[in-house]
Each structure stands twice: as C-alpha cells, then as structure tokens.
Amino acid sequence: NDVDVVMDASSKPIFPGGEYYIMPAIWGPPGGGVRLAKTRNSDCPVTVLQDYGEVIFGQPVKFTLPGRGSGLIITNTPVEEFIKKPECASSSKWSVFVDDEIEKACVGIGGHEDHPGEQVFSGTFTIQKSRTPYNSYKLVFCESDSSTCSDIGRYDNNEGGRRLILTHHNPFQVVFMDASTFDGTIRSDG
C-alpha cells in the first residue's frame, strides 16, 4: 500500500482539525453526504448514515491524528473522526457497533452507553486510496488486537439513509469536501 497525503476534492491536503463533508466519489443517484440519525429504538442520533439526497452534504466531520495535534493526514495511518455531538450522546468519536436486528457491524458515535445491549468494537479507522476516480478514498476499520480490517460500505435498511457498515467487498468510495468552502447545499443560479 502506498502512503500519500490525503487530498480533498479540490486537490488540497486535509489537515487535522479541519471540517470536511464525506461525499460519494460518484455524484448522483448514489446519494449525498454522511450524517447522524436515530435508528431502530434509539432516542439519540448515534448511527452514521449516508443521506439519500445527492444534493445534501450531510454533517461535517473533523479528523484528528491520535497522539498528534498537527501534521498532514496520510493514507493508511490511524485517524479519529468526530462529528458534531448531539446532547444525548456520550462522545462524538466514531465507533463500530453490532446491530443484532440487521446482523451488521455499523458505524456510529460514542461507546457502550450509546449502544446499550450491542457489541461495540474497539479499533482504528484509516483512510486508504480508492481505485477510482481521482482524489477518491475509502474508509477502513481495523479491530484492536487483531489483524482484521474491513472496508466501510453502505447498507440500506430504509431508515432515511444508508447505514455505514463493515464490509469485505463494495467499499463506499468517497471524496472529502472542505466544509469551510461550502454551506452544505447545492444551489442553481436561476
């Protein structure tokens, strides 16, 4: 695996602490950006979904480098993702939990207290270069104390968006858009 600086959709390096929308690499019917949502019996929006609407940017995500405050974000190195935390959640940090109802490992935020009765995995996320198109990437989750790594894909459970899940095929190919240059909607000049 090559090691490269992670670039946004405008070919600018991604920096820790900056806010970015995670959007599909291919625009159109595949949907829009990622956001938090309530799923199943949850009273708090702690599940990460990809919005169905291709003109919806979702919620910006902030990347940090564990143990380092600055520097460039490089492919294949651990990153932590944070999204604006709802009051009801214990943490804004991305995590992986198993939803027993759909029998899938899903991306969410927070820890055990945010996903009662569900298995929560500890591990790290990395950003890896995707095969297509230019400046596109995939997110990967590696379990702690294991050599097991899985791509982050999508699963549609008819919950107002597609859940981000662990998969070994069909990764969600994404681009990062600097949130400071976009307000979260696409407009036409008409």
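Any Cβ shown, glycine's included, is placed from N, Cα and C.
What Swiss-Prot records for CYS44-CYS88 (among others) is disulfide bond. CYS44 (disulfide bond) falls within neither a helix nor a strand when secondary structure is assigned with DSSP, and so counts as coil. Neighbour count (other Cβ atoms within 10 Å of the Cβ, all protein chains): 16 for CYS44 (disulfide bond).
Annotation comment: Swiss-Prot describes CYS142-CYS149 (among others) as disulfide bond, evidence class experimental evidence. Residue density at CYS149 (disulfide bond): 16 other Cβ atoms are found within 10 A of its Cβ, drawing on all protein chains shown.
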Spatial separation of CYS142 (disulfide bond) from CYS88 (disulfide bond) - C-alpha basis, Å: 27
Conformational class of CYS88 (disulfide bond) under the three-state DSSP mapping: coil
Surrounding CB atoms that lie within 10 Å of the CB of CYS88 (disulfide bond), all protein chains: 13
